[in-house]
Amino acid sequence: MLFRYITFHREKVLYLTAACIFGVYISLHDACIPVVGKIGTNVTLNAVDVLPPRDQVRWSYGPGGQGYMLCIFTGTSTTTFNNTRFNFSCLSNYSLLLINVTTQYSTTYRTMTSLDHWLHQRHNHGSRWTLDTCYNLTVNENGTFPTTTTKKPTTTTRTTTTTTQRTTTTRTTTTAKKTTISTTHHKHPSPKKSTTPNSHVEHHVGFEATAAETPLQPSPQHQHLATHALWVLAVVIVIIIIIIFYFRIPQKLWLLWQHDKHGIVLIPQTDL
């Protein structure tokens, strides 16, 4: 049933495949590299795969889209836009320098590179191929990524001891005296906190931006790359399945198997 549907609706299946590929592209396009900065320090964000002087680079900030422009590098000239929110500088090496950062600097920064240099053709980039890279900057007092703290519950151990004592006098009347002594021992261990240690973070961030790492946990950049790899693998699998169904390979194999088994030739309904 599925084979017949795909055979009779090839165009719809192809459109659906194109939509899936476009959605995956948008997801990968909007994925940003996490970067952390400490209040009062400078943070440098680097453009990637730039070959001066023909390549052009644009820096902007803001969530989604083109955002607000900061710098434009065109050949040997640099254009800097006035901005009252940030104190920044456009460096000659196509990098963006954020000066004396505060929590207000915590936002998304994007760089778009127009690869016009002929050397990019070696990598099959083609003409006017653009490479977009974005950084998700987080600024705090420690200059480290937020860590989680777990608190163990307090345990109390109670121990009770009972002692019985009998006293007898010289009279004929015997008096039994029972004394109960209770001793209670309380054990109150101090609560333990498991806090992941802070790691040093390099503020000069490029394409190989390194995020703060915690013990037994992958870094945010590794998680970022792993997510990209999974999306690419999913797209490749979907494309392979669509190609197999588009050329009716399962149906042809089924007819070939019927011919070898029964010695008859079956004509598919799509060829009638």
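Including glycine, each Cβ sits where the backbone N, Cα and C put it.
For 147-183, the entry in Swiss-Prot reads compositional bias 'Low complexity'.
Positions annotated as N-linked glycosylation site by Swiss-Prot, on the basis of sequence analysis: ASN42 (among others). Mapped onto three states, the DSSP output places ASN42 (N-linked glycosylation site) in coil.
Under the heading N-linked glycosylation site, Swiss-Prot lists ASN93 (among others), citing sequence analysis as support. Cβ neighbour count for ASN93 (N-linked glycosylation site): 12 (other Cβ atoms within 10 Å of its Cβ, all protein chains included).
For ASN100 (N-linked glycosylation site), the same-chain residues 6+ apart in sequence whose C-beta sits under 8 angstroms from its C-beta are GLY40, THR41, ASN42, ASN87. Among the features that Swiss-Prot reports, N-linked glycosylation site is placed at ASN100 (among others).
Counting every protein chain shown, the number of other Cβ atoms lying within 10 Å of the Cβ of ASN142 (N-linked glycosylation site) is 13. Annotation source Swiss-Prot lists N-linked glycosylation site at ASN142 (among others).
The feature region 'Disordered' is assigned by Swiss-Prot to 142-200.
What Swiss-Prot lists as signal peptide is 1-31.
Among the features that Swiss-Prot reports, topological domain 'Extracellular' is placed at 32-224.
For 246-272, the entry in Swiss-Prot reads topological domain 'Cytoplasmic', with the evidence type sequence analysis.
Sequence annotations record features per position, and here Swiss-Prot assigns transmembrane segment to 225-245.
The CA atom of ASN142 (N-linked glycosylation site) is located 28 Å away from the CA atom of ASN93 (N-linked glycosylation site).
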